[in-house]
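Right, one structure below, let's go through it.
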Amino acid sequence: MQMAKTLFSYFTIPLFLCLSSLHLVTSFPFASGQIDYNYNYNYYDRSCPRLGMIVKYGVWAAFKNDTRIAASLLRLHFHDCFVNGCDASILLDDTIDFRGEKNAFPNRNSVRGYEVIESIKADVENACSSTVSCADILTLAARESVLLSGGPYYPLSFGRRDGLTASEKAANEQLPSPIEPLENITAKFTSKGLDMKDVAVLSGAHTIGFAQCFTFKRRLFDFKGTGKPDPTLESLALTNLQGMCPNKDASNSNLAPLDYASTYRFDNAYYVNLVNSTGLLESDQALMGDPRTAALVTAYSSNSYLFSADFASSMTKLSNLGILTGSNGQIRKKCGSVN
């Protein structure tokens with residue numbers, strides 16, 4: 001019944017969203033102050049008017065068969081944008097010319113959803129051939145995943161082009177790690193034009209989805225080489241996680257919910273968990289160790305509307321990182337390979 005209600009609300013667009021979107025027809029101003037008329041909110045209104053519904057249905061169909069896919073598509077988008085921009089480079093298979101991002105350590109046997117984007121791309125190609133980039137499809141699919149999970153709408157511009165190459169090395173170097181210190185993660189964000197607030201806000205995407213045990217197991221048994229568990233992890237949560245992830249290699253790929261309170265619902269419970277010292281990843285709980293991010297965590301834990309508004313703003317910023325437009329890049333026929 002809850003899923004039925006979620007899906008009903010997903011396909012029902014509130015009137016205030018329709019009205020608030022009417023002004024989104026201007027071109028996007030870049031940091032240089034220039035206007036790129038090849039990148040705007042209504043880019044596909046004439047060339048592919050059914051794009052929104054095709055992507056919406058593709059994400060919904062995938063979610064119906066696999067409720068984890070919403071979080072996976074959101075993560076796929078983040079991992080794409082964070083490595084040299086939102087250019088769908090993460091979707092490229094390895095070639096004789098480059099080793100791509102799929103097999104980089106943060107992505108290998110971890111990032112999911114490639115086949116969903118490829119399937120949606122095929123449907124889009126049938127409706128409007130050689131018109132919509134894989135980068136735009138992935139960006140739109142991420143937003144649909146947030147909406148489908150009960151999260152906020154956020155405005156997007158379109159007209160991205162797909163990149164012509166990918167880099168395993170760049171993905172290994174640029175993507176944040178769940179065991180990195182907060183200062184390192186923040187430095188990676190600021191190198192992209194994001195800030196510490198974006199770190200705290202975008203970490204809230206962990207309100208949905210799962211993590212493999214190997215990403216946090218050291219917190220449970222040998223935190224920073226001490227031979228003991230992470231002292232910041234609440235005792236009952238520690239016991240439960242040790243049951244899910246016993247101290248043996250065979251448990252490395254076991255899954256634990258990033259937000260045990262509402263695993264499939266996009267809400268602010270993730271921040272409540274952090275306040276209660278039950279965050280799953282070391283990098284998540286570290287947000288409570290810095291007074292600047294701790295203040296944001298506390299605010300979001302008590303105000304879901306504030307979190308939703310700030311998440312929407314940060315996701316719009318993320319979706320504009322390092323994009324290719326106009327004559328740069330290409331529109332791939334298939335997302336896994338350049339034309």
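Glycine residues also receive a Cβ, built from the backbone N, Cα and C atoms like all the rest.
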Disulfide-wise, see what TrEMBL says CYS335 is paired with, picking from CYS134, CYS213, CYS245.
CYS134
State the Cα to Cα distance, in Å, between CYS128 (disulfide bond) and PRO176 (substrate binding site), rounded to an integer.
36
What's the number of neighbouring CB atoms sitting within 10 A of the CB on HIS79 (active site, proton acceptor)?
22
Around CYS81 (disulfide bond), which of the listed binding-site residues (SER89, PRO176, ASP259) come within 10 Å, judging by Cα atoms?
SER89
Among the recorded positions listed here (ARG75, HIS206), identify the one with the smallest other-Cβ count within 10 Å.
ARG75
Report the residues of the chain - excluding THR207, ASP259, ASP267 - with C-beta within 8 Å of the mean position of the site's C-beta atoms, for the recorded Ca(2+) 2 site, in sequence order.
GLY204, HIS206, ILE208, ALA261, SER262, THR263, ARG265, PHE266, ASN268, ALA269, TYR270
